[in-house]
Amino acid sequence: MADFEELRNMVSSFRVSELQVLLGFAGRNKSGRKHDLLMRALHLLKSGCSPAVQIKIRELYRRRYPRTLEGLSDLSTIKSSVFSLDGGSSPVEPDLAVAGIHSLPSTSVTPHSPSSPVGSVLLQDTKPTFEMQQPSPPIPPVHPDVQLKNLPFYDVLDVLIKPTSLVQSSIQRFQEKFFIFALTPQQVREICISRDFLPGGRRDYTVQVQLRLCLAETSCPQEDNYPNSLCIKVNGKLFPLPGYAPPPKNGIEQKRPGRPLNITSLVRLSSAVPNQISISWASEIGKNYSMSVYLVRQLTSAMLLQRLKMKGIRNPDHSRALIKEKLTADPDSEIATTSLRVSLMCPLGKMRLTIPCRAVTCTHLQCFDAALYLQMNEKKPTWICPVCDKKAAYESLILDGLFMEILNDCSDVDEIKFQEDGSWCPMRPKKEAMKVSSQPCTKIESSSVLSKPCSVTVASEASKKKVDVIDLTIESSSDEEEDPPAKRKCIFMSETQSSPTKGVLMYQPSSVRVPSVTSVDPAAIPPSLTDYSVPFHHTPISSMSSDLPGLDFLSLIPVDPQYCPPMFLDSLTSPLTASSTSVTTTSSHESSTHVSSSSSRSETGVITSSGSNIPDIISLD
């Protein structure tokens, strides 16, 4: 009967995982909530379980609670041991070993409080025996077999404190533990030699004392992980922790990013005086943490790159085999890939690769630059492949020999294409041919005679949407022999450098050779010059008489001198034809306008003015 009660208490203390293991061992259903699992296990026990099931229950219980009270026969001994355990007041006992044995916690529990272990033991005297044998909380091992992940930028020189469990010693939420360690003279010498003074009185060390915290799990190498409400003091001085990382979504508690802690600046660099570390944290149900202290040497990205090169370059045949595997036709697939294009630009720096690198775990051929990748992880160690966003640890990096050959063979291309047989060819950009548009457009040419041309096009009513081009710089005889399409007459205004008289309005054929054009419909020419920008209103040309060569029209028109251009027109030297009319004013301080219109001759009229350095050219196309 006593064995039954003992087994019943053991089963009642099991968690869901232990209950599932027990029911699975007995061949019972192990799905459902904890209450259902517990009822099945107790029913299994009452119905008379086999000795093998009883042995399994005791095995699970010993695994669940490795250290429990064997009995309460000597209650006075338990009381005295508990009182002596809780009475420790000094944070560090004098007989502590230097190699990391911690002292008792500074927080104590009142012996007769209802929540204290002693009170619970005293109150159990009048209760049944199975209630007195309730197990105590599990105590994790002092030095668990915890392995931390290697840090590529640090070489471990020595272990100062082996991984030690942060044991919960009371029922209070906030716990505190103390650890001590000492440095040897050789370790102190190495730290002092590596010291570098920075601006502002700061000091930097390449040989560092490094504190690491992680979960006390032995299943796999652990990453750095901090408990909640962590507070670290080194030799009584508060150590600044990294800032909180932004939460992934609202409603989740912020956590600090896990990383090793460099406590060298707070360590006593002496072999005669030990160093003390105080760690306080908030306990969590189901989570135990471990701490350790190491002496490490910090490395740079250049050192890691040199080590990566010393590992050697991977044979190009491995990459060719991977290419053939990717381009091998799948008989079940309707789409077959016959070629594979790969860029020679680094996805990190957007520049040409210099040291092509990728991880062995990656399935893609695209490489990234090893130097840039190491520099990026030196600033913020993430070790994520920039191509596929998967883990790419330093230990899995390789230098691709095939890409090394490609980069050495062609230095002027940024992309290549792999064929099915593993060969490759460069992908050079195609030069687009310059195509001349079939639709004509207005063309402006500058020459020695025309310094600043400006063309104005007047279209006829018959072809308002059609725009023709007149090239004023063509001097070859081939243009004269061919009959170009019909063009309209143009009037050019240019500055004559060798004019014998200054300020004279002259009409002369242009020295620029132009194609012959046909006459323009008179209806297309405006009857007056009011459409053009002139500083005064004038009389229509048709109403002027050709026998008035010396009449000054400006004296008859009231004009404000400040709006007149500074042109001095003295004489008129141009032949008059039957269909053209010329009006010349010879005022020395006034302005005049010369208009030439011809319907029977294909020539250009040039109005020359030396009063301004910038000529105005009007092309009527």
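The backbone N, Cα and C atoms fix where each Cβ goes, and this holds for glycine too.
Feature annotation from Swiss-Prot across SER89, SER108, SER448, SER476 places phosphoserine at SER476.
The feature motif 'LXXLL motif', as given by Swiss-Prot for the ranges 19-23, 344-348, 369-373, 384-388, sits at 19-23.
Per Swiss-Prot, the residue from the list LYS79, LYS249, LYS417, LYS466 bearing the note SUMO2 cross-link is LYS249.
Looking up LYS255, LYS443 in Swiss-Prot, the residue bearing an annotation of SUMO2 cross-link is LYS443. In Swiss-Prot, the feature SUMO2 cross-link is attached to one residue out of LYS34, LYS311, LYS435, namely LYS435. One residue stands out among the binding-site residues CYS385, CYS388 for having the most other Cβ atoms within 10 Å of its Cβ: CYS385.
Rounded to the nearest whole angstrom, the C-alpha distance between HIS364 (Zn(2+) binding site) and LYS249 (SUMO2 cross-link) is 32.
Just so you know, of the recorded positions LYS46, LYS249, CYS362, HIS364, the Cβ with the fewest other Cβ atoms around it within 10 Å is the one at LYS249. The Zn(2+) site, placed at the center of the C-beta atoms of CYS362, HIS364, CYS385, CYS388, has further neighbours from the same chain whose C-beta lies within 8 angstroms: ARG358, ALA359, THR361, THR363, GLN366, VAL387, ASP389, LYS390, ALA392. A mean pLDDT of 86 is what the model gives for the motif 'LXXLL motif' (19-23). Annotated pair CYS388 (Zn(2+) binding site) and LYS249 (SUMO2 cross-link), C-alpha to C-alpha distance, rounded: 24 Å. When the recorded positions LYS249, CYS362, CYS385 are ranked by how far their Cα is from the Cα of LYS46 (SUMO2 cross-link), LYS249 comes first.
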